[in-house]
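Take a look at the structure below.
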Amino acid sequence: MGIEGETVVLKNMLIGVNLILLGSMLKPSECRLEVTTERVQRQTVEEEGGASSYNTSSKEQPMVFNHVYNINVPLESLCSSGLEASAEQDVSAEDDTLAEYTGQTSDHESQVTFTHKINLPKKACPCASSAQVLQELLSRIEMLEREVSVLRDQCNTNCCQESAATGQLDYVPHCSGHGNFSFESCGCICNEGWFGKNCSEPYCPLGCSSRGVCVDGQCICDSEYSGDDCSELRCPTDCSSRGLCVDGECVCEEPYTGEDCRELRCPGDCSGKGQCANGTCLCQEGYAGEDCSQRRCLNACSGRGHCQEGLCICEEGYQGPDCSAVTPPEDLRVAGISDRSIELEWDGPMAVTEYVISYQPSLGGLQLQQRVPGDWSGVTITELEPGLTYNISVYAVISNILSLPITAKVATHLSTPQGLQFKTITETTVEVQWEPFSFSFDGWEISFTPKNNEGGVIAQLPSDVTSFNQTGLKPGEEYIVNVVALKEQARGPPTSASVSTVIDGPTQILVRDVSDTVAFVEWTPPRAKVDFILLKYGLVGGEGGKTTFRLQPPLSQYSVQALRPGSRYEVSISAVRGTNESDASSTQFTTEIDAPKNLRVGSRTATSLDLEWDNSEAEAQEYKVVYSTLAGEQYHEVLVPKGIGPTTKTTLTDLVPGTEYGVGISAVMNSKQSIPATMNARTELDSPRDLMVTASSETSISLIWTKASGPIDHYRITFTPSSGISSEVTVPRDRTSYTLTDLEPGAEYIISITAERGRQQSLESTVDAFTGFRPISHLHFSHVTSSSVNITWSDPSPPADRLILNYSPRDEEEEMMEVLLDATKRHAVLMGLQPATEYIVNLVAVHGTVTSEPIVGSITTGIDPPKNITISNVTKDSLTVSWSPPVAPFDYYEYPIDHPSGRLDSSVVPNTVTEFTITRLYPASQYEISLNSVRGREESERICTLVHTAMDSPMDLIATNITPTEALLQWKAPMGEVENYVIVLTHFAMAGETILVDGVSEEFQLVDLLPRTHYTVTMYATSGPLVSGTIATNFSTLLDPPANLTASEVTRQSALISWQPPRAAIENYVLTYKSTDGSRKELIVDAEDTWIRLEGLSENTDYTVLLQAAQEATRSSLTSTIFTTGGRVFSHPQDCAQHLMNGDTLSGVYTIFLNGELSHKLQVYCDMTTDGGGWIVFQRRQNGQTDFFRKWADYRVGFGNLEDEFWLGLDNYHRITAQGRYELRVDMRDGQEAVFAYYDKFAVEDSRSLYKLRIGGYNGTAGDSLSYHQGRPFSTEDRDNDVAVTNCAMSYKGAWWYKNCHRTNLNGKYGESRHSQGINWYHWKGHEFSIPFVEMKMRPYIHRLTAGRKRRALKF
């Protein structure tokens, strides 16, 4: 084994002994040691370039043995309380787990090194003597090592000799690498700093100055000293290895300080403006920086700015002395106000994260908030109460820090009243009704303003009134009606509507000055502006229909003519404007009985008047004849029955001769009588009668007569001798006899006597007388007519006693007729003679018994005139005259024509003709037609009649400028003077309408006609009682086009075209639309339709739409409109909300592009109507046709039919909600009952998170049953991710974001009412009702904010 081995064994034995001693030193009651030994052998090669003068083999390399001693002290035996604090501190100064002590022993000769490492647990044994025991153990180990060294020296003596003796001469000690072996001295010559037999012991300088122990060349100094040679005083904690110890004081390295260099030095020693604490300056107030050299800013600018000269220069978005406050918004302004919204704008910094808008009614109430992104500069607060003043504050928010608010006090407008309608409209009143408000306000103000802004009325009403009847309006006036809500000093926006009062008709209708054929109608004109006045009149009972006149306003009277005398009429008057007609005012009147016409005296005598007149048109039963002298002393009345035929005759008798009578004749009918037809007629003066010669002499003739009975002034006697020189004498009226004297002897005198009164002179009585004796010499014939003759003769002288007159036709002399005459008679009238017959007449004077020779004469009666003249076939320029022929033969007829111009034409008609037509007359002219017969040079008496030619008719009546509702009538005026034209307009569906046009016009515009209607127009002219012939024309109005063609709801590819139908019946419409690019399309639309939606249009294109109505082969004129389709706001919509903003307003299946990428398209069902539309429907249950009890894979990708029941897929939910913030709506229905649940946030995480559900705040009517599932992963029958003991999906036959297990189970079994098995929403129908209809839908949250449909309350 050798010395080396022995040494090793010995050393190990010694160490073991010492450990045993250590164990014995620890009392069992105090500590128990467990020692384990680990021996590690390692080989090292130390080369110190050139230090060794010999090369050694591997076995000469030093051997190092490491001994590790783990001393484990059981805790339960090391727990006394006597451990000193200092010992505890020493033990804990280094490692918190083990105290490690290392020692090394080297065998310099054998190149073996023993390393000893002892591990002791620190604080494992808090015994009172543990520290002391350990210290003693260390000392013993050191002592042991010194003893081993001495022992080794003894064992190594004569190593060379031993080697030589054993024959091992190749072994040379290494001298520990710190010297050279000398065979001469058989020992090592050590290098400087080393000593010992094998140079393995370092040399301690100065022998450690007697202040320590040299161990392995190093001084282990006493506790007060240090240094290589223990000559230096020790510094506290050896300056903590952070400085030099100089004379016991530490000269610390930078940046340390303190007596033991434990403390960090502060920069610049805090510039004298602070205290240094562990290297950090605690600056005085007002200073800052690493060295307190800088002026300090308050709160170090809160980390949101930099300090400059003690002042904080804040980052954008912050303000305040320490930059702790967020900069508030600026310039808060109100951009718009409505009744339920306020639009705000402000200016703010760019760094703002978001804005919080807080608003609350100023009178108190719920404070609500709204948050908007920080890049917004405005917001619209919606769903406010109308008419309230709100305190509004806007905060800027950065990193959840709110700024001071900028505030405003803003009042919402009062709401616009809704539902304005008119219940009752009359001429002067309008009853208005509107819907009430649900909020408090002061009252209403309603105003009626004429469209011309002239005048108007305003009324204020209580707030609980929602209807009002306004009186005192103007008829036919269009009013703008405004209803405004009032609150305090505020006025809401008005709701307006226009209404026109009913046009008033004429009032106070009065019929005056009614005559037999004319009635004068007066009325008070309507106050409204009207197009015309419609006057209708006709017989009561409807006989003959009604005549209608259109009269132009402001006419307020009209003379109705050509009435039937003695008839009961009804007249009504209304006003017309456009198609509106007022109520008619009507009254009845009876025309007067027309007076007899053409009153005339046939013959007259001194005591009688023969009267004749034309009968009245009225059905009079009799006539009342009233007559009296002009003095009116006494009235006489005679009732005369109506004569048969056109005339009635009567004779007034017992009249006063020579007196002028006033005669009035009235027609009498049913106790009523007409105005009288009057005339004055004078009776003849009563002639002195019975003029006789009572005596005669050669120079005188005595006369006697009967006194005239009437009033006269005197008598005038005219006597004319045969010499021809007449003489007159006036005799007072009271005389009845007179004697003419101084006459010529033997002369024949013609003596006549007349009674005179003023200029009136009676018929004369004549007598022939002779001075001396003279018989009747001859007969005088006068007044010869066709049936009578007047015979006169002279007085016989002396006068005869009686006279006998005989006469007979010449060929019938044997049948002479005799007439006895009084002797005083000097004339006689033979009546009843035959026309054109020669009569023989003789006169005999009887004197006593002596009869004179007869005086014979002959006379031929005249030819008789035509009889019964009548007029017929009267036209404007001709008439027909007919008559009965006379009895006597004649040659021809002659008729003169008295023209209005005064010219008299005469024409001859053969005697064989009894009817003749006279032509070339003037229209509307009065003619006197007379007719007599002529034989040779003899003419008969004339028969006469008066006649008016008819008016000539207007000519060339035509209708021009014909439109669907209008036509222009034109004509040529007749030759005669025209007062009015009467136009009668008729069509198949309406009775004739009569229009009165002024006589100076030659055209008339027809309006308000019916489209596509055939009209007949008849027309005649009137002038007084004359009416022209009728002319007529026909025309048809055109087919009217559709009206109000408009384009609305214009989107990118569609437009709604609507119109109002024409008035005429049609078969269909022809609609043509064309674009600017030249494309054109024609559609046939049913007649019942009034709108059509054009689909498939091009975007951003101008379109022209043409529409016309069609009936058979007829088409109306074109009506047109223009519109422009819109463009797509989003070319690749990523959700339904963007489709909606693109103008897609119909619910249905659409394609969305996730994140706007063409490669990520997805078919979805869009709900475009619910709550503003724009929802992606991602689940629907409605009929149970689709099985929802499926596995994980199905729920990931989705299943079902988008038009029916379906699940869109969890992957799709995640991809959609990852695009931004979405909101969720769940609609549920049970029959007519419908509820919804709304959550302002909705997201589904990805597959790695098992599609966890994230939802926001709830609102709605269904109750919040979904928040229970917040944050839960999705579970299916094959993926149980719930927290329940059972598999919820398996138990409840569904798949959901189950927890333990559910409060809503919208994917449960359809129609299953067992507890929790069906489609459940706990807060609405509980767990035992399966909801028959469910839709889950989502849309971007921003859509609600921009649409402003729902107000949300948000917390700070």
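From the backbone N, Cα and C atoms, a Cβ is placed for every residue, glycine too.
As annotated by Swiss-Prot, signal peptide applies to 1-31, with the evidence given as sequence analysis. Positions annotated as N-linked glycosylation site by Swiss-Prot: Asn55, Asn180, Asn391, Asn469, Asn580, Asn790, Asn868, Asn873, Asn1034, Asn1044, Asn1259 (among others). Taken from Swiss-Prot, the feature domain 'EGF-like 1' applies to 188-199. Taken from Swiss-Prot, the feature O-linked glycosylation site applies to Ser271 (among others). Summarising the annotation, Swiss-Prot assigns disulfide bond to Cys297-Cys307, Cys314-Cys323 and lists sequence analysis as the type of evidence. Annotation comment: Swiss-Prot describes 687-776 as domain 'Fibronectin type-III 5'. Residues or ranges marked as domain 'Fibronectin type-III 6' by Swiss-Prot: 777-864.
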Residues satisfying Cβ distance under 8 Å from Cys297 (disulfide bond), sequence separation of at least 6: Ala288, Gly305, Cys307, Gly310, Leu311, Cys312, Asp322
Asn868 (N-linked glycosylation site) and Asn790 (N-linked glycosylation site), distance between Cα atoms, whole Å: 26
Secondary structure of Cys307 (disulfide bond) (DSSP, helix/strand/coil): strand
Spatial neighbour of Asn868 (N-linked glycosylation site) that is closest, considering only the recorded positions Asn180, Cys314, Asn391, Asn469, Asn1259 and their CA atoms: Asn469
Greatest C-beta neighbour count within 10 angstroms, which of the glycosylation sites Asn180, Asn868, Asn873: Asn180
Cα distance (Å, whole number) from Asn469 (N-linked glycosylation site) to Cys314 (disulfide bond): 67
Whole-number Å value for how far Ser271 (O-linked glycosylation site) lies from Asn180 (N-linked glycosylation site) (Cα to Cα): 61
For Asn580 (N-linked glycosylation site), nearby residues of its own chain (Cβ under 8 Å, 6 or more apart in sequence): Val502, Ile503
Packing count at Cys307 (disulfide bond) (other Cβ atoms within 10 Å of its Cβ): 19
Top Cα neighbour of Cys323 (disulfide bond) in the set of glycosylation sites Ser271, Asn873, Asn1034: Ser271
Cα separation, Asn1044 (N-linked glycosylation site) to Ser271 (O-linked glycosylation site) (Å, whole number): 91
Cα separation, Asn391 (N-linked glycosylation site) to Asn1259 (N-linked glycosylation site) (Å, whole number): 25
By Cα-Cα distance, the member of glycosylation sites Asn391, Asn469, Asn1044 nearest Asn1034 (N-linked glycosylation site): Asn1044
Cβ-Cβ neighbours of Asn1044 (N-linked glycosylation site) (radius 10 Å): 10
Mean of pLDDT values spanning the domain 'Fibronectin type-III 6' (777-864): 84
Cβ atoms near Cys323 (disulfide bond) (within 10 Å, other residues, all chains): 25
Around the Cβ of Asn1259 (N-linked glycosylation site), the count of other Cβ atoms that are within 10 Å: 17
Set of same-chain residues at least 6 away whose C-beta sits under 8 angstroms from Asn391 (N-linked glycosylation site): Tyr359, Gln360, Pro361, Ser362, Thr407, Lys409
Other CB atoms, at most 10 A from the CB of Asn790 (N-linked glycosylation site): 15
Sparsest-packed among the glycosylation sites, when each Cβ's other Cβ atoms within 10 Å are tallied, from Ser271, Asn469, Asn1034: Asn1034
